[in-house]
């Protein structure tokens with residue numbers, strides 16, 4: 001544990017220095033994305049990124065798993081109404097929270113960290129930095145703080161005044177989806193197969209609940225048989241943690257080799273038939289193009305990091321609210337004047 005803490009501190013210091021010397025050329029991020037650009041808060045809240053980074057660093061130092069949780073929040077937010085912070089809203093008045101959808105109920109976490117980020121931002125720059133931008137920055141910082149790539153985050157999103165429970169239930173890919181369903185749900189958000197594989201690489205960190213992979217162990221095709229593509233010793237280990245009944249909330253690492261470090265081990269696991277979720281395994285077994293991408297990223301971590309950063313920027317640009325649309329929430333859990 002002490003080694004992990006020291007590793008995270010070193011990464012944080014390197015990361016802070018890197019951000020100071022990076023070029024935030026606004027011309028790279030405009031166009032049809034509402035003129036989002038990295039320097040959006042340069043004048044209005046110059047310490048915004050520093051504040052977010054500091055809070056996330058403390059949270060990840062307390063619990064490394066939080067990095068994966070924050071990245072997952074960003075993913076689940078962007079796939080419903082775009083990256084607008086709708087997932088952060090609690091039920092109130094006309095709002096029916098997305099937190100109770102099938103993909104989020106009893107699994108989405110990290111909301112308290114977002115609250116802490118927002119409180120710090122409001123103290124520094126009231127009514128300035130959106131919850132949507134704060135979550136997008138937190139996802140980037142979570143990558144860096146666990147050893148993954150960094151990227152300049154286009155900023156300027158505003159927060160929604162609505163949520164969509166049905167959108168959350170229908171738009172977000174599920175762990176047991178088929179390959180075609182997963183690709184279709186990504187395509188619906190303007191993301192292609194390369195994005196599917198690269199973004200799935202975020203499963204190099206974090207954990208998943210037994211209920212998300214039990215069917216692979218006991219009833220993959222509805223005939224009472226396990227998924228034969230699972231490596232046998234790995235499957236036996238998983239059955240120890242995930243019984244046929246009960247233990248729904250028991251956790252297993254998404255990456256058995258390095259669940260706390262962002263690297264390309266996830267793709268190596270897929271080649272060895274040790275992907276935890278069905279949605280992981282199908283990337284290697286169901287399509288030649290995705291299989292070749294898995295092999296490429298398994299062989300070349302730098303290639304994976306570059307594509308992951310590019311795909312995260314692309315995902316973060318899904319249907320942003322900008323200009324006078326939406327609002328800047330004072331509290332990420334509720335709309336203003338509610």
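Using the three backbone atoms N, Cα and C, a Cβ is placed for every residue, glycine included.
Since the structure is predicted, the reported quantities are computational estimates derived from the model, not experimental observations.
For reference, Swiss-Prot has these:
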type	residues	note
ACT_SITE	76	active site, proton acceptor
BINDING	77, 80, 82, 84, 86	Ca(2+) 1 binding site
BINDING	173	substrate binding site
BINDING	203	heme b binding site
BINDING	204, 255, 258, 263	Ca(2+) 2 binding site
DISULFID	45-125	disulfide bond
DISULFID	78-83	disulfide bond
DISULFID	131-332	disulfide bond
DISULFID	210-242	disulfide bond
CARBOHYD	176	N-linked glycosylation site
CARBOHYD	219	N-linked glycosylation site
CARBOHYD	250	N-linked glycosylation site
SIGNAL	1-22	signal peptide
SITE	72	site 'Transition state stabilizer'
| Those recorded positions listed as 72, 76, 203, and which of them has the most Cβ atoms within 10 Å of its own Cβ | 203
| Which residues, in sequence order, are found in the same chain with Cβ within 8 Å of the centroid defined by the Cβ atoms of 204, 255, 258, 263 at the Ca(2+) 2 site, excluding those residues themselves? | 205, 257, 259, 261, 262, 264, 265, 266
| message | Take the mean position of the Cβ atoms of 77, 80, 82, 84, 86, the recorded Ca(2+) 1 site. Which other residues of that chain put their Cβ within 8 Å of it? | response | 78, 79, 81, 83, 85, 87, 132, 160, 163, 164, 319
| note | According to DSSP, residue 242 (disulfide bond) sits in coil
| Shortest C-alpha distance to residue 250 (N-linked glycosylation site) - which of the recorded positions 82, 84, 86, 210, 263 | 210
| message | Which one is it: of the disulfide-bonded residues 125, 242, 332, which Cβ has the fewest other Cβ atoms within 10 Å in this structure? | response | 125
| field | Whole-number Å value for how far residue 82 (Ca(2+) 1 binding site) lies from residue 72 (site 'Transition state stabilizer') (Cα to Cα) | value | 14
| Nearest to residue 86 (Ca(2+) 1 binding site) by Cα distance: which of the recorded positions 131, 173, 263 is it? | 131
| query | If you measure residue 258 (Ca(2+) 2 binding site) to residue 219 (N-linked glycosylation site) at Cα, how many Å is it? | reply | 28
| In the structure shown, with every protein chain counted, which of the binding-site residues 84, 263 has the densest set of Cβ atoms within 10 angstroms of its Cβ? | 84
